[in-house]
Every structure is written in C-alpha cells, then in structure tokens.
Amino acid sequence: MNEKKQFYGKTLGPWIPIIVMIVGMIASVILGSGGLLRFSLFGFFGLVVGLFLAKDKKHYGDILMAGLQNHMLAVIIMAFLLAGVLSQLLKMSGLINGLIWAMSILHLPTGFIPVIAFLTCVLISTACGTSSGSVTAVAPVLVPLAASLDCNVGLVCGAIISGAIFGDNLAPISDTTIGSALTQEAKINEVVATRLPYSLIAGAISAVLFIIMGLSTTVEQAANIQMDSSDAKALVLLIIPIIMIVMMKKGWGLVPTLLICNVTGILINLILGCISVETMLSETGPILAGMTGMLNIILFIMLLFGILEILNQTGSFDKLLNGLVKICKTPRSAELVCMLASAIGSLASGGSSTAVMFFGPMVKEIMRKFKIDRNRGANFLDATACAVTGLMPYGTPCMLAISFAVQCEGVSPAFSFKDIMPYNYHCIFLFLIFLLSAITGIGRKYEKEASALDSSEA
C-alpha cells in the first residue's frame, strides 16, 4: 500500500475523477437540480472514470476500500445517524412551536418582529442543529405577520436566515459542526467553545441592527403572534443540548454522548406525551426518519472518501498541499487560503455540509503545516461555509424564505434575493469577523504537540 498507484494522464490523471464530480455538482446547481443525492450520482461517475484511468484496474477496488476503511469516515457515519435521530426527536416533539410561543407571549411592538424572528431561529437552530428546518418553522408564521403589519418583509427574511445560520454554525448536533470537528480531528465541545465568542459577537451586532432597522421602518403597533401554548411542555427538551455539551466536556466520546442524549430525548417525549409510542416506533417516527434522513449525505461522503483516496494513494494530494504551503508563507495566508477553499466549496456545491466534508482534509493538512490549533481550523472551515451558504441566492435558506414570502398577500411576485441580502446581518458579520481574525491574527493559537483525536473519542 505504500507504493504510489499509477494513473493515465500524468499529473492530471488522478484529478480527473474529482474534477468530473465537481463539474457535475456545479452543473446540477446551475440547472436547479442540485442536492446530495444528485451529487452522489456524479460521485459514482467519478469512480467509473477513475477505473478507466487506473493502470492497475484489477486492484482499483483496493484504493476505494482503503478510503472506506478510514476511521474518520466510520465516526462521521455513526455521528450523522445518531445526530439525525436527535434532531428529529427535538423537532417532532413540538419544541419549535414551543419556542415560537415563548417569544409570542412578550407582546412586543411591530418593530421588534425582525429581532423576534432572529432570536427564535437562533434558539431553534441551536437546539435542533438545522438551518432549513428553522426557516421552515418560523417563516410561515412570522413572514405573513410581517407582511400584514407593513413590516419590511426582506428585513424579516434576513433575520430568519441569520438566526438559522447562527445555530447551523454553532449547534453541537449540526452536521457542519460535526463534520468540521471530525475532519480536523478536534473535539466537538472544544470546537463549540472556541467559536462561541465569534458567533456571539456577530449575533449581538445583528440583533442590535434588527432592532434599529425594525423600529425605524415600521409603524408602532402591537404584534399579535397567535400560537397555541400546548407545545410549551416541549421546552423541557432544551436540556438535551446542555447535557450533550456537559458530557463531552467530561471526556465522553461523541457517539456514546449522542446515544445517551437520544435515550433521554425518547424518554422525555414519551413521559410528557409529546410523541406517542406508536409514532416513536413507526417508519415516519423520529428514530427511523432521523436515520434515513441522513442516508443521502452518508452516501455522498462514502463516495467522496473513495475518490479522495485516489489522490492520497497516487501522491497527488501531497503535491497539492506542498504547492499550497509554498503559496502560504505565513499562518495568515494559510487561514485565508482555507477560507477561500471553504467559500468556493459552498458556492460550487450549493451547501455548507458538502463544502465542509470536501475541503476538510485539505484544511487540516494546511493548518497542521503551520501548527495552527485544530479548533481554529474547524471554525474557519465551518463559519465560512455557513456564512457563504446563507448569503447565496441559490442556497436552501434563501430559497425557502423567498418561497414563503411570495405566497403572502401584499408581497410582490418579484420579491427576490436582492430584497433579503442587505439584511442578512449575521452571515455578513460572521464572515467578516473570521476574515479580520485571519488578517490580524486575533484569537490565533498553536498546537501544543497535540496528538490526533484518539479512537476513544468515537
């Protein structure tokens, strides 16, 4: 296995499978038929192309199997399956409606609708680890309300997307948090703790701006958000993310932590009557739906690891890294290159999780060359991917917000990304804060001869 594998096409040959995959992904996004399942199709085509380019076709499968035997891949698969279950347990419990109800009882003036939308999405996305789910939960309630009260709909949509991205970037059960931590061989609790100050700064600035803009662009009147209080009991489930952070802080591995949190979520839901036993065990219940909901991203990741192993076994990945390291003369330039890679990955794939998994290994190696703290690498990777995804006109959060907005009476059919972009404060400031951190070196720490993540962390 130490012998370099040979491919036709000289230096370019081993890169052709990954190029096929990337070009296919970009084309599908442009044509509006993107998504992880479609991306997996191009991953399959990439593997087929690799077979015909391999000089030793009989043993081509050994390369792919080596990629699938990667310990990181095993941990990622288990973590995503269990995180999917936990996310569904929280969402199906009525927690989302409970959070919206909790915000509605404040009876704030209309000008506070944008910041209410932002904070509600912050709570939902941080608790459930989903940006699209947060937009889907909050937009149908608050966007029509904003439109009926002559509140700036673009401002409210920007607030909803901002809050959704806040948790997608920070939540310990978010796929991007898990992916960025594991690809950098970092501990999730440390990753969350180190990125928290950046998220809070961007979030605080955003909240203030939503209040200022909300009050300055609306006529003062009471905002009447009608929500049933029956789901308030589900607020008890907010203890689960806290339990998760405490357990990992005490040295528990990610997989057993998620298992304990899942069991806790199941018991609380059954005891409180949030989810019935029949629903819990059904095919559409949180356990099975949570796991099957992650199958598309797991399939994509497995194909991706197989293709990336071609680059590893041919030495092409090392050559690329050596070239990038030559470009990266300083830790600053290394961090900027990593941000650029994550941004390009998000723009190309149309989503943050794909970019995190795709460029995670490269970011890890570049950061290691300069002995930059692995948590910082995970944070640059994740924050950039999430911020760019939230700002993209074809990103899921933006498209969802627009789809809900144009259905509202009084909202122009021409309502578009341009109406939301100026108010997407958290995404803008999250990106700028990390960019300034890279340029100035503020917050930069270095590895203290740290070893790679131990297998016990799984």
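Each Cβ is built from the backbone N, Cα and C atoms, and glycine gets one as well.
Features reported for this protein in TrEMBL:
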type     : residues : note
TRANSMEM : 12-30    : transmembrane segment
DOMAIN   : 14-215   : domain 'Na+/H+ antiporter NhaC-like C-terminal'
TRANSMEM : 36-54    : transmembrane segment
TRANSMEM : 66-87    : transmembrane segment
TRANSMEM : 99-125   : transmembrane segment
TRANSMEM : 198-219  : transmembrane segment
DOMAIN   : 232-436  : domain 'Na+/H+ antiporter NhaC-like C-terminal'
TRANSMEM : 254-275  : transmembrane segment
TRANSMEM : 287-308  : transmembrane segment
TRANSMEM : 339-359  : transmembrane segment
TRANSMEM : 380-403  : transmembrane segment
TRANSMEM : 423-443  : transmembrane segment
Region pair the transmembrane segment (198-219) / the transmembrane segment (287-308), three or more CB pairs under 8 Å: no
Whether the transmembrane segment (339-359) meets the transmembrane segment (99-125): three or more C-beta pairs under 8 angstroms: no
Folded-back contacts onto the transmembrane segment (423-443), same chain, C-beta under 8 angstroms, at least six residues removed: 114, 118, 152, 154-155, 157-159, 161-163, 165-166, 169, 197-199, 201-203, 205-206, 209-210, 213, 331-332, 335-336, 339, 376, 379-380, 383-384, 386-388, 390-391
Contact call for the transmembrane segment (36-54) against the transmembrane segment (287-308), three or more Cβ pairs under 8 Å: yes
Close approaches to the transmembrane segment (287-308) from elsewhere in its chain (Cβ under 8 angstroms; 6 or more beyond its ends): 17-18, 21, 35-37, 39-40, 43-44, 46-47, 50, 63-64, 67-68, 70, 73, 76-77, 80-81, 83-89, 175, 266, 280-281, 317, 353-354, 357-358, 361
Contact set, same chain, for the transmembrane segment (99-125): CB under 8 Å, 6 or more residues outside the stretch: 131, 133-135, 137-138, 141-142, 145-146, 149-152, 155-156, 158-168, 171, 174, 203, 206-207, 210-211, 213-229, 231-232, 235, 423, 426
